[in-house]
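Reviewing the structure listed below.
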């Protein structure tokens, strides 16, 4: 019995003296832990060296730890965590489904990860290639990787010789896309049917240009990548490069269009906006092409560069009611400059060769040349957009690239439809 008492006393002595000494040897080390109130979603994470990170409990993964026990997280919290995960997963699935309905892949973001001794939160963005109506970004990456650079170089050379080409190319693009879709039909000089072609329409004619530049670029593409790049895609990329050369930030363009095999002058009627169109007429036209009122106002901003011929606006000064919608000083410039119907005036005389929001500011001061531009400030469906873009140039820039890609997807031919022309002015026989 005495021996047992002695042994017990020795054990008690060890626990009393040695254990505190061992604990004091590690004063600066403590395990990771979560200060978590189950009624809150915010948590504070502590670790070595007193590092602290604030995060949302739904956005973090808790790493395995030698110090973590089953008692550190109650059964109630585990059920809540699982419920939140399922809820977030359902939201993600719904978001991806909604994105596919609109033709674009969603951007997927990995959840922040907590790990290691530094507790750095990493947010990794995984972007997928956009696919819209059979078109996609980087379409020629494998078949003709130098295509976009060849097109850009062609625009750069032309722009250095004639800066007005920057406004002419996007006009070609709209006039092509709004008439039976973006199929390069505006380039055709003749068709197998032998009828008159789109480019001979009064809405086109002498007021459109840039065909020689298209020919030059297409010839270079055929030398490098025969039968690969369509004429309609050349125009889409070239329009982007024209805007970028004029100051617009770069935006990606989807490719994959095929070229049409017909072009008829009668198809132009009713499919292009006219200088005396009402807001109703323009919205209806844009709606038929899959575009809305905001897209209309966004794309009208292309008039930040370029000129208008006098026959498109001088008539406004002949009617007192219409003349009231013209700034008196601008009216004087119209009368003085328009010595003939083919004379021209810059849409934006302040920054004629620069894509900026000054054009919208001028509309609000009744300084729009075209009646169809000016009436956008009078209609409740469009005036708010004009006001917004006049004060938010960056916001307009961001929307412009999106609207241009929507325009470039109007009634496109893809897959095995149409053809890839060898020469843009004639169909392959």
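Cβ atoms are placed via backbone N, Cα and C, with glycine included.
These features come from TrEMBL:
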- 303: heme b binding site (BINDING)
- 144-225: disulfide bond (DISULFID)
- 177-182: disulfide bond (DISULFID)
- 231-424: disulfide bond (DISULFID)
- 310-338: disulfide bond (DISULFID)
- 134-428: domain 'Plant heme peroxidase family profile' (DOMAIN)
- 1-25: signal peptide (SIGNAL)
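Sequence features, as recorded in TrEMBL, placed on the structure.
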{"residue": "144", "record": "disulfide bond", "Cβ contacts under 8 Å, 6 or more apart": "221, 224, 225, 228, 229"}
{"residue": "177", "record": "disulfide bond", "Cβ contacts under 8 Å, 6 or more apart": "289, 407, 408, 410, 411"}
{"residue": "182", "record": "disulfide bond", "Cβ contacts under 8 Å, 6 or more apart": "173, 176, 232, 235, 236, 257, 407, 408, 409, 410, 411, 412"}
{"residue": "231", "record": "disulfide bond", "Cβ contacts under 8 Å, 6 or more apart": "184, 187, 214, 218, 259, 421, 424"}
{"residue": "303", "record": "heme b binding site", "Cβ contacts under 8 Å, 6 or more apart": "347, 348, 359, 370, 373"}
{"residue": "310", "record": "disulfide bond", "Cβ contacts under 8 Å, 6 or more apart": "334, 337, 338, 340, 341, 342, 343, 344, 345"}
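When the disulfide-bonded residues 225, 338, 424 are scored by other C-beta atoms within 10 Å, 424 scores highest. A mean pLDDT of 96 is what the model gives for the domain 'Plant heme peroxidase family profile' (134-428).
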